[in-house]
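One structure is given below, represented as structure tokens, and several questions about it will come after.
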Amino acid sequence: MSYVKKDLISINDLSKSDILYFVETAKEFKKISLQDIKKVPTMRGKTILNLFFEPSTRTKTSFEIAQKRLSADTINLSISQSSVAKGESLSDTILNLQAMKPDAFIIRHYESGAPFFISNITNASVINAGDGINEHPTQCLLDIMTIFEHKKEIKSLKIAIIGDIFHSRVARSDIAGLSKLGAEIYLYGPQTLMPRFINSDNIKIAGSMETAVKEADVIIMLRVQKERTSFYFIPSIEEYRNYFKLTSEILKLASKDVLILHPGPVNRDVEISGSIINSGKTVILDQVENGIAIRMACLYILLGGRHS
Amino acid sequence: MEKLLIKNGIVVDPATDTQVKRDIYIENGLIKEIAYESIGKNGIDINVIDANNLYVLPGLVDMHVHLREPGFEYKETIKTGMEAAIAGGFTSICCMPNSNPVNDCKEVNSFIINKAKSFDLCNLFTIGAISRGNKGLNLANIGDLKHSGAVGVSDDGRPVEDSSLMARALLYAKTFDMPVISHSEDIKLRGKGLMNEGIISHKLGVNGIPSASEEIAIFRDIKLAEYYGASLHIAHVSTKGSVELIKMAKNKGINITFETCPHYFSITEESLLSYNTNAKMNPPLRTMEDVNAIKNALKEGLFDVIASDHAPHSEDEKNTTLDEAPFGIIGLETSLALTLKLYHEKYLSMLDIAKLMSFNPARILKLQNRGGIRNGNIADITIVDPGKKWTYKKENIKSLSKNSPFINKIFKGAALYVIIKGKIFNL
């Protein structure tokens, strides 16, 4: 197995065997985090720039820990204190940083396509850590890894993805990745937050929460953002809570050994009942744990195989 | 009224597209039996209505009514509105949300529904708001409205100006299988207009409302319904140009329904010649050309619904200048008679009327077991004598408000009985 591309921008760039290769590699790296000394010298001498143009706790920390456990030299650029805040263009910022010879950029950006743009103007590897409403490929990989820990195969699993699909980069990546592995995907949420153009037989828009959840093997709940109440997407958070929340009652319809995922941060009792989380029925923290392994694997695969 | 037999009537059933002489037996508020000639039911506990030479229609549904409670009880209350509805031959009415407070939440919605239930009069269904406070700024809690009993949503009285709000309202309402009713109007183009823009408005020296202000908005709404594949109902269509748009939409098979009101096929802008504020409504009365276009469209089956747009205003509010008087006329008690005129003029058959005033409104708003005459349906029935002559007198108006341009008009045709969930109202 090998992966020869410089960047990880979109799940659509990965083949089914690429996805499996990333997940298999991550399984090995997961062991490092379980050791007493959580560090290997694999990335010693590599310089990695974390550029987060948008707030992030989980993903940023996860990438940083992954880099440190691989012994890479890590620099975090706080955008609010950088020259971007002084009006420098994105391409000038990248070209200047590129001149400092980093091996990789980790990019989180509020605009869709920003990591792709950056990957075209730098020789360094670029990993998309979430761009606009477009993609979040490492989240998809860690979701797949988490599912594989509980299910032998993803092929023909019924996977429900519920919530704000339209604005969710997690949903876009998950739909693409899980489709490549042969899942049957059911989407549900207010029609204002559903994608309107789907041309794939394995993806269905469910007419109700019940239809989506019924006999589901996996349920991926998405966060609904309060700002969706503006621009008319939903009337109010109360309304969302009343009609689009995953409750214990609805959950009874799912398959007996259903896996519940959520990319976080969770709005408890808005998109999912707090009691479902409290009773240990979700794998949210496994996702976080696997996130580090997946990001270590991504860095290893993208940087390890190349000579700068 | 536990048991009721309606004998010898001509039963008009749009659900089966039939019009035949039948007897109907009703028990416990439901239609139990429909048979050719005398059902072998008799006994002193059975009420009998001899409907010989009368038409027996599924209970009429007026899907576009403004009751003024809560907030404007001096214009109309829920009770007086329901009494006017029965007097006009209706078994069900649907009230628009522009009360005060606006019916945009489950509290107001439940208040109206519960109040109506306390009277044992006609059925009242509520239309909730599309936007909070009918302000056009954010969506109302449409899920809550649905779950507390509303059968549709509308900002009627005002258009949803913002196309993106309208688009998302269509999508969000679709999530709840909730029909959306549009008051289609380019309100900026209406401006200060208060009657149809044309020769008469020029003659009277008042600001006009261009027919284009309706047509532009209807075109937008057709496009939104088409693009988003959502069901949409267009209220109170009044112009010839709109009829052309309806033709286009129907030819394309877009999931959209259209309503007109009796005044738009009965009288013209000339009714305002003496600055008659009781002929001021929005959309306004148009020209004879428009009236003919609406009548022909009804004949061609382009319209789905006739509704009254019953809009009560007090005498004091209307007793002023055209400028100052509010838009709107009452219509519950004249709607059937004005529509029967088209029956006499051979524009509409009795079956057409049953479709336009009962079957289609019930279908559009998903009123279960209503709108047709069949076994097991709720016993909502309107018995019509198309030949009865009567005069619409102000002192007989049941509505609290008297703002009608048809007062003292002699009509031919009326409802003689209204049966609501098996209960007889002898008119």
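FYI, residue positions are counted from 1 along the chain as it appears here.
Placement of Cβ uses the backbone N, Cα and C atoms for every residue, glycine included.
If you look up TrEMBL, you'll see B:Asp309 marked as active site. Among the features that TrEMBL reports, Zn(2+) 1 binding site is placed at B:His64, B:His66, B:Asp156, B:Asp309. Residues annotated as substrate binding site in TrEMBL: B:His66, B:Leu67, B:Arg68, B:Asn98, B:Asn282, B:His313, B:Phe327, B:Gly328. What TrEMBL records for B:Asp156, B:His183, B:His236 is Zn(2+) 2 binding site. Sequence annotations record features per position, and here TrEMBL assigns domain 'Dihydroorotase catalytic' to B:56-241.
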Based on Cα distances to B:His183 (Zn(2+) 2 binding site), point out the closest of the binding-site residues B:His64, B:Asp156, B:Asn282, B:Gly328.
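Result for B:His183 (Zn(2+) 2 binding site): the nearest of the binding-site residues is B:Asp156.
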What does the structure give for the C-alpha distance between B:Gly328 (substrate binding site) and B:His66 (Zn(2+) 1 binding site)? Integer Å is fine.
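Cα of B:Gly328 (substrate binding site) to Cα of B:His66 (Zn(2+) 1 binding site) measures 10 Å after rounding.
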Per 10 Å Cβ neighbour count, which of the recorded positions B:Asp156, B:Asp309 ranks highest?
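When each Cβ's neighbours within 10 Å are tallied, B:Asp309 leads.
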Among B:His236, B:Asp309, B:His313, these being the recorded positions, pick the one whose CA is nearest to that of B:His64 (Zn(2+) 1 binding site).
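Looking at Cα distances from B:His64 (Zn(2+) 1 binding site), the smallest one goes to B:Asp309.
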What number of additional C-beta atoms lies within 10 angstroms of the C-beta atom of B:Leu67 (substrate binding site)?
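Step by step: centre on the Cβ of B:Leu67 (substrate binding site), count other Cβ atoms within 10 Å, giving 31.
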Out of B:His66, B:Asp156, B:His236, the binding-site residues in the record, which is closest to B:His313 (substrate binding site) when you go by Cα distance?
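Considering only the listed binding-site residues, the nearest one is B:His66.
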When you put B:Asp309 (active site) at the centre and draw a 10 Å sphere around its Cα, which of the binding-site residues B:His66, B:Arg68, B:Asn98, B:His236, B:Phe327 have their Cα inside it?
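Final answer, ordered: B:His66, B:His236.
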Pick from B:His64, B:His66, B:His183, B:His236: which of these binding-site residues has the biggest number of other Cβ atoms within 10 Å of its Cβ?
B:His64
Using C-alpha atoms only, work out the spacing between B:Arg68 (substrate binding site) and B:His236 (Zn(2+) 2 binding site) and round it to an integer in Å.
19
